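As recorded in TrEMBL:
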type	residues	note
ACT_SITE	ASP197	active site, proton donor/acceptor
BINDING	GLU16, ASN147, ASP197	divalent metal cation binding site
BINDING	ARG99, ASN101	substrate binding site
DOMAIN	14-256	domain 'SMP-30/Gluconolactonase/LRE-like region'
Amino acid sequence: MTDVRCVVDAQNLLGETPLWCPRTRSVWWLDIEQPKLQAFHPETGDYRVFPFETDFLGSLALRQSGGLILALNLALHAFDPETGRLDHLCDVETGAQNRLNDGRCDAQGRFWVGTMDVGLSEPRGALYSVAADHSVRRHAQDIIVSNTIAVSPDQRTLYVSDTRRFVTWAYDLDSASGTLSRRRVFVDFSATRDRPDGACIDAEGHVWIAMFSGSRIARYRPDGTLDQVICLPVTNPTCLCFGGDDLATLYISTARKFLSAEQLAAEPLAGALLAIEPGVRGLPEPMFAG
């Protein structure tokens with residue numbers, strides 16, 4: 001049985017999108033609905049919190065030129081944690097019914113990000129890529145809650161989920177042009193009503209998916225078949241990333257959202273940042289080129 005440990009008892013309402021930064025040797029992650037950026041240094045135990053005055057803080061990525069990019073509401077911003085400077089880069093969408101959600105960079109330095117219906121019911125969301133010059137391209141639409149954005153090690157496949165439709169898709173990715181084609185079902189969760197949330201990919205090309213409201217994470221082979229399930233002491237795992245200098249630790253963000261008082265009392269680690277040693281290593285996180 002895999003040992004699950006609490007790294008930070010962050011009490012996040014909706015903890016999300018952890019990533020490992022080799023420059024700071026820290027894991028960074030968000031609380032979307034109590035908007036704050038967080039950082040934890042495993043060696044020193046230092047835990048830092050950066051609050052934001054915004055409605056939603058959807059996702060983040062490392063920036064090649066330093067610092068981070070943050071998805072605030074429907075726009076991307078550059079953020080320097082050392083100075084606190086926040087600069088607007090581009091609007092991905094406009095309007096009040098959607099917000100930016102999960103996002104991740106590919107090896108070419110593009111940032112792939114999805115939007116979602118704030119009400120969690122209407123297919124208003126879409127999938128976008130943002131290039132180094134901050135130009136925005138829409139690749140797919142008719143999505144309720146976009147999630148699970150991840151790119152295969154060979155940069156030829158992009159994975160994305162619609163959490164509310166209980167499905168994860170795979171696309172062919174042309175890395176040079178940044179175009180997508182041949183969408184197909186990677187995993188169909190409709191029979192079990194599992195809700196695929198955030199994901200990451202290990203060095204063997206397997207896809208790890210957090211099952212929101214499912215109390216577990218699951219590892220899928222590149223052909224979409226189930227390889228491994230790890231149960232967790234929380235109902236709502238949200239996303240995961242490999243970290244540590246050797247990329248051998250799997251960090252898992254979690255949420256308190258949607259849990260009753262009774263559930264919260266029974267789940268003291270809800271909203272914490274968790275970690276396991278899965279026996280496989282991850283890959284370095286690509287950075288945004290813009």
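Just so you know, glycine gets a Cβ as well, placed from its N, Cα and C.
Across the fold, the C-alpha of GLU16 (divalent metal cation binding site) and the C-alpha of ASN101 (substrate binding site) stand 9 Å from each other.
Highlighted in sequence order, THR17, ASN101, ASP102, THR148, THR163, GLY198, ALA210, PHE212, THR238, CYS239 have their Cβ within 8 Å of the centre of the Cβ atoms of GLU16, ASN147, ASP197, the residues recorded for divalent metal cation, and are not part of that set. ASN147 (divalent metal cation binding site) and ARG99 (substrate binding site) are 12 Å apart (CA-CA, integer value).
In sequence order, ASP102, ASN147, THR148, SER161, THR163, ILE209, ALA210, MET211, PHE212, PRO237, THR238, CYS239 constitute the residues six or more apart from the residue listed as 'active site, proton donor/acceptor' in its chain with CB-CB distances below 8 Å. When the neighbouring Cβ atoms lying within 10 Å are counted for each of the binding-site residues (ASN101, ASN147), the highest count belongs to ASN147.
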